[in-house]
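Feature annotation from TrEMBL assigns domain 'S1 motif' to 1-88, 104-175, 198-263, 370-439, 459-528, 554-627, 649-718.
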Amino acid sequence: MLLLGCIKEVSDYELAVSLPNGLSAFVPVTQISDAYSKLLTKQVAQGELLEELNSLPDIFSPGTLVRCIVTSIEKRDDGSRSVKLSIDPKKVNKGLSSTALAAGMLLSGSVLSVEDHGYLIDIGVTGTHAFLPHQKAKNYIKAAKKGPDLKIGQNLNCLIVEVKNEGRVVCLSIDRSEVAASIATERQNWALSNLLPGLVVKARVQKVAPLGMKVTFLSYFTGIVDFMHMDLEKSMSYSPDQVVKACVLSVHPSSKAVRLTLRPPFLHPGGAPRPLPAERLGAVLEEATVKAFYKQFGAVFELDDGTLAFARLKHLSKTRKSFKPGAFKEGCKHKCRIIDYSLMDEMCVVSLKRQIIEARFLQYQDIHTGDVVQGKVLSLKPIGMKVKVADGIRGLVPSLHLSDVILKQPEKKYNIGDEIKCRVLECSPGEKKLILTLKKSLVQSKLPVLSSYEDAKPGLITHGFVVCAREFGCIVKFYNDVKGLVPKNELGTEPISCPDKVFYEGQVLKVMVLKCEPQQERLLLSFRLSSKPGPEDKWKCTPSKKHEVKYQIGEILDVKILRKKDNGLEVSILEDEDNVVAWIPTLHLSDFVATSKLLWHLLQEGDVLPRVMYLSDKGEHITLSRKSAVISAVQEEQVVRSFSEIQPGMLLTGYVRNVMPFGVFVEFPFGVTGLSPKVSMSDKFVTDTKDHFVVGQTVIAKVMSIDEEKQRVLLNLKVSECSSGDSAAESFALLNQYFKELKEIRNLLRRGEPRNCELVPGRRVHLVVQDVREDGSALFSGSSVTGLTVTATRYHLGGEDITPGQKRKAFVLHVDALTSEVYVSLREELLKQRPKRVSMHSVFGFMSSCLS
């Protein structure tokens, strides 16, 4: 079905369109035009903004008339329907052919490309090239105030000025005066198959009725003008054979139904309906006078300022049973509230329902950050809970905010239809985005709401929630996505060595603002509410004792382990007379995260570690690293020593410092850090950043761009983008390093339990069945696996029935030294394989599991 619509709202992802008879629909960003969709696809593929691709707000303006075609009608969770449209000329003008084109025709077009002398326009007609000269566009461009040129994807109301070569070439104009004077005539040979909404015609009245009138136009077309598109004062003064000017509103090809309007703004192509003053929407009117009542549709009212309004039948009373037709005779007065405005009908939409008149919120603009609101549970999804706050207002409670603690099974606490009290975390009316929280600590908080960096004054105490706890401190979030850092030395009155073991994601805490820089959106916080901020507060923790710098970053040292702590090793630098103490974080023991944890487990106090690199002297300790890839990068001078040395395109070796929902922070030797946004993290689609990277992981990153003013670096971590060219050599070097560390681990195992270190993937062992579990897996014991938990899954039992006490021969698949677990298989095809070949295959599998 083809309709004429008027744009109500424009967002980055869709157009909200007003349709006739008070209806509304949406045009997704993918339904603008072919050229615009191609640019979108290209931008997504490249992962960076394209200069030639303009956002929808840069192209479209509220109040603009557009020709649309219905593409789908979907049913929402609450039973209402969502109508999706397209304004793509190929779909709207699909009934037109090149031979049917004629001078004087008015149709929709979209900018395809910008040329030297004008624009190529896509009018959706196969085999036809449409050209718009600059001269015919300059007045429109000046009036539109969207820039010096038309933009690709911009929708235009085009008048055909000239047709050449039997319709293969047409010349267009969008000059407002020429378009406004256009009237469709019989000479243009319009047919029902290609008749377009928006055409202005001369119509002849055929029949007049209380609900509208029947007219004929363009010689043999018949159409209907309903009561909402007639002048109510003249509705009974129209007479048969009277000639009126009308505009086509909609065309339904299958039913051959054509609807028209007699309203003045539509009788000049390119015109625009009158908008409703913003302050009127939501207004409660004590007395609205009934002008007309239609028992199947509703009632038309005259408001206090003389304008007309329409109330649908369901909005005239609370229920159908309580509805009294006698109360809506002409002249009766009622209290009502303006709930919407139909641009296409130039009428306010009102409701007489008491619950709507007294409703606190009517539109997203009525809701403010920090408001406590009542809602009804609509649905529970993995991302969170959908909540109905009011008619037409929906919100989301993210899963993190369903309770003060993380709920693993929220469906046990909440049911569909439950009434709940929430607090608004974020509200963006333009995007119709409403984020809520159910955390009692936030909902019931009497402390000030921190919703902007400008409000963050030193000394302010408020509630916030933890979104990240790492070795450097905690990141705390407030309202409207305002967030700040609580450094390690401000986490409490006593030192906290492992913040991630004390604080958890989603935890609500009182915090005090120490310092704020609104322009940089930087906020320094403290959990120590008695602290008094001073002018000399620094962003980073100051070490309690600063060591005299004796070493340079990159220097290779030998160290001896003094103590093992939860998150690393405290070591002393050998051959240093001052017995300087240094620190090796667990994740810096290896390039491989799993190997790092295994090494920490096996190393003992007194062990000597050779060839450890001096990494930094920030914090309370000198920090060292055993990451082979990082050491090689420093030794081969493939590093940057300061921000000024960074250039786009560089490949740098570093390690993951933090994993956030929006991306990954990577740190490089010499202290330079950068951010890899979610879109640039992986060649695969990223849903959850934590599924792709972990803190401490060694990575190779490519510099995408730098912001010198804000000292920010954007990185690309896609494997396809981060190869130096010789990927085979890189892979073998990585593999070789892994096997070296594997050998080191085996030597460490030998001193603890010599027999167990000989248990490697691919070895055949004799075992005794201990137990068969309910899931079909089995437990084993044996002299060669003393002190280990040996398991075979149901699949690896090979379909054989086994009972406790049986002796069986098994094939070792994997040995987990950290958990002392061994996985074996009884399958014949593995037991028959040559040991050497299977062992290498298993080692590769083991290595893959370590790297992941």
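Any Cβ shown, glycine's included, is placed from N, Cα and C.
Unlike curated records, TrEMBL annotations are generated automatically.
Highlighted: of the candidate stretches 104-175, 370-439, 459-528, 554-627, 104-175 has the greatest count of Cβ pairs under 8 Å to the domain 'S1 motif' (198-263). If you look at the domain 'S1 motif' (649-718) against the domain 'S1 motif' (370-439), you find fewer than three C-beta pairs under 8 angstroms, all six or more positions apart, and that falls short of contact. Among the stretches 104-175, 370-439, 459-528, 554-627, the one making the largest number of Cβ pairs under 8 Å with the domain 'S1 motif' (1-88) is 104-175. Mapped onto DSSP classes, the domain 'S1 motif' (649-718) shows 9 helix, 35 strand, 26 coil. Within the domain 'S1 motif' (1-88), the DSSP-based counts of helix, strand and coil residues read 23 helix, 38 strand, 27 coil. According to DSSP, the secondary structure content of the domain 'S1 motif' (198-263) in residues is 3 helix, 37 strand, 26 coil. When pLDDT is averaged over the domain 'S1 motif' (459-528), the result is 89.
When DSSP labels each residue, the domain 'S1 motif' (104-175) comes out as 13 helix, 34 strand, 25 coil, counted as helix, strand and coil in that order.
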